[in-house]
């Protein structure tokens with residue numbers, strides 16, 4: 001009996017979004033989106049600016065209310081879902097700069113709250129934070145102020161914060177935005193290790209970039225609808241996508257963009 | 001130290017220590033989420049509570065706590081809606097509270113705005129034994145929340161969306177911050193005064209930030225600065241007959257300026273070290 005339920009749970013998609021609609025103000029942003037991600041898959045959400053890809057991932061983590069459709073995570077209806085420690089979330093650049101300095105370790109430790117919640121942090125919690133920092137190669141910056149980091153380093157800190165909880169599912173909203181190539185390579189390496197360890201990943205990308213070899217499937221959105229769900233488009237095909245607005249990460253090599261995440 | 005022989009001074013000094021600890025403690029979170037003026041707004045609203053205390057002949061401190069908590073919860077609800085008209089709604093709440101206080105105090109038998117002066121700017125001679133009891137209880141609550149839940153409160157003030165996805169009860173914790181800020185206002189009311197409360201929530205934090213890099217370090221340093229200026233301001237007021245609030249806040253600003261002076265060479269040294277590190281990297285590049 002128990003094994004039967006376990007087997008059933010394994011079959012169920014980790015993320016199942018069916019016929020999702022959502023609007024921001026009066027503007028419909030998602031118009032019936034179906035998206036399912038299975039255990040161990042790495043799925044990229046692609047699309048032009050305003051296509052609804054960011055709204056789609058924010059809906060998956062419950063930050064955008066659905067006006068219609070259903071959402072379940074790990075086979076549990078979203079309304080009853082409480083298992084937040086199974087999810088590591090990297091929001092798109094945090095909106096406002098914080099008014100008080102914080103060290104890299106303090107920020108990454110807050111990711112651990114999904115496990116320790118109101119408890120006292122234990123040795124295992126501290127070890128997980130250190131491991132997460134090492135994964136993104138920021139171990140040497142643990143006691144530095146996040147205000148003193150570059151945009152790329154800052155993004156690595158936000159990813160470490162998501163990894164600190166040791167999630168089964170990583171959800172990342174444009175983790176490569178405003179990150180120079182060297183930092184993109186570090187992030188790709190960290191992600192490769194997660195995937196090798198069996199993590200499931202859903203990430204919003206503007207271009208596949210250095211992550212291309214890791215992606216199993218790409219879902220392309222246009223005007224709030226899914227227009228492609230299958231193997232990732234070729235680099236050339238990617239450029240041919242409707243609405244592609246030609247932002248090239250390699251341009252960042254000469255001039256690092258000034259978008260600095262939390263700090264801008 | 002003959003001032004310790006006076007019962008009123010003992011009460012004032014105890015209240016001063018508690019103000020010095022609590023105001024910067026909650027202030028650190030308010031500054032972190034860029035809500036530094038919230039304390040000021042609550043102070044205005046609390047005026048209505050003080051006046052109601054006079055009118056109904058009950059304790060102004062408890063009445064102010066009640067009204068300030070209601071006002072702070074209202075402010076949090078306006079903030080969480082995030083509407084653009086929120087600014088105007090907050091202004092209405094602030095000035096409505098102040099106007100209500102002035103109105104009601106004049107309705108109280110024998111009351112006039114003169115009764116409010118010691119609540120507006122603080123006064124060490126008027127701290128009664130009842131006030132001290134109230135202040136101790138309220139301060140214990142503030143310390144329990146700001147220190148006991150500091151990891152959770154840090155997380156929601158740093159990145160609210162991320163905190164929600166970790167499953168923290170963000171709405172409840174936001175309300176708790178608002179209530180704690182309101183309670184702190186009434187803790188500080190007798191010594192610092194309602195119009196200057198916000199200064200004790202913000203200036204010690206701003207001063208601490210000049211030399212700190214982390215959140216816990218900022219929180220601790222701000223509390224130490226808070227206690228120092230609050231105690232020395234109260235003692236100074238014993239010798240020079242002035243409202244304690246003014247003295248304490250001027251001292252806090254003095255500490256801020258000293259810390260700024262100290263931090264400039266510190267920052268220069270750090271920048272020099274960073275530049276030196278860069279040069280080493282460049283030489284490496286040349287070798288390769």
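Cβ coordinates are placed from backbone N, Cα and C, and glycine is handled just like the others.
Note that the structure is a prediction, hence the values are computed from the model and not measured.
In TrEMBL, the annotation transmembrane segment applies to B:132-150, one of the ranges B:113-131, B:132-150. Given the ranges B:12-30, B:31-49, the record in TrEMBL names B:12-30 as transmembrane segment. Proximity of distant same-chain residues to the transmembrane segment (B:61-78), defined by a Cβ-Cβ separation under 8 Å and at least 6 residues beyond the stretch ends, is recorded for 38, 41-42, 45-46, 48-50, 52-53, 86, 89-90, 93, 97, 119, 130-131, 134-135, 138, 174-175, 177-179, 181-183, 185-186, 189-190.
Comparison of B:162-181, B:187-207, B:219-240 by number of C-beta pairs under 8 angstroms to the transmembrane segment (B:246-267) places B:187-207 first. Tertiary neighbourhood of the transmembrane segment (B:12-30): same-chain residues 4, 36, 38-39, 124-125, 127, 131-132, 135-136, 139, 142-143, 145-147, 153-154, 157, 177, 180-181, 184, 187-188, 190-192, 197, 200-202, 204-205, 208, 215, 218-219, 222-223, 225-231, 233-235, 244, 248, selected by CB-CB distance under 8 Å and a gap of 6+ residues from either end.
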